[in-house]
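Notes follow the structure.
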Amino acid sequence: MKVGIVGSGMVGSATAYALALLGVAREVVLVDLDRKLAQAHAEDILHATPFAHPVWVRAGSYGDLEGARAVVLAAGVAQRPGETRLQLLDRNAQVFAQVVPRVLEAAPEAVLLVATNPVDVMTQVAYRLSALPPGRVVGSGTILDTARFRALLAEHLRVAPQSVHAYVLGEHGDSEVLVWSSAQVGGVPLLEFAEARGRALSPEDRARIDEGVRRAAYRIIEGKGATYYGIGAGLARLVRAILTDEKGVYTVSAFTPEVEGVLEVSLSLPRILGAGGVEGTVYPSLSPEEREALRRSAEILKEAAFALGF
């Protein structure tokens, strides 16, 4: 099965590398305005496949996306140190106005998987530009934030992160909502499990974990300029869910008719992901404080998209 990636920068190339190592696709096509960059990444990643899986990785044009089941949209400008994801909006919306029509001309049946930041607003932009059913335009959303939340909880509790079920909702960014109230470990409510484990979560512990999740991207960008390994692996996992019709639940961003009274906004909620993209949304139980925080997050994203006319 073929997967396309538009944008061969750090996120696009990391995604291609993760796809190859995990053996998610049989063919990966990298498309970029800088053909030499795309070719260099494709050749380098191809040389890793003898140590992993038989995946054909190559550079191509938009026409080479024909037949792709999923296309990752990673084109855009990089986030600068200290710059919020929403400040990227104007620059990256202009890029998508050129990219989305060309992708759909070549691969009209593909699920569009948006990775460009600010990802929630860019998901809304891609949805409006594409005129596709809303489920076929999926943003990477808070999958990485959710993974960070689970990893930090697991570290505190000294359990495997795979046993932790906790979500980050709303914006992939400053207004994101860590859902503590419905978090579980091995099917046991989080606070109850923590007490039984002898690893109670004090207010200071919760503040430290919240800070660790919320500020992770800023710390990484300050240290090395960009984040790409984590999101590359996350995107590869979403592609696998689409190609295998997995119907797993992921906190991805998609157009949502209404959330907490805010209409027509793209943001992250737990969603069922399969061959057609988003096939359903699971609205979790939230505390009153979490509901209010989610409403505020939705309003921030709604205002940003509205300012662009989307």
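Every residue, even glycine, has its Cβ placed from backbone N, Cα and C.
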Further NAD(+) ligand in Swiss-Prot, beside Met10, Val11, Asp32, Tyr62, Gly76, Val77, Ala115, Thr116, Asn117, within candidate set Ser140, Ser163: Ser140
Which listed residue (Gln79, Asn117, Ser163) has most other Cβ within 10 Å, given these are binding-site residues: Asn117
Neighbouring C-beta atoms (10 Å sphere around the C-beta of Tyr167 (beta-D-fructose 1,6-bisphosphate binding site)): 24
Between His172 (active site, proton acceptor) and Ala115 (NAD(+) binding site), the C-alpha gap once rounded to whole angstrom: 11
DSSP three-state assignment for His165 (beta-D-fructose 1,6-bisphosphate binding site): strand
Beyond the site residues Arg150, Gln162, Ser163, Val164, His165, Ala166, Tyr167: chain residues whose C-beta lies within 8 Å of the centroid, for beta-D-fructose 1,6-bisphosphate: Phe149, Leu153, Ala154, Pro161, Ala183, Gln184, Val185
The one of Asp32, Asp145 whose CB sees the fewest other CB atoms within 10 Å, among these binding-site residues: Asp32
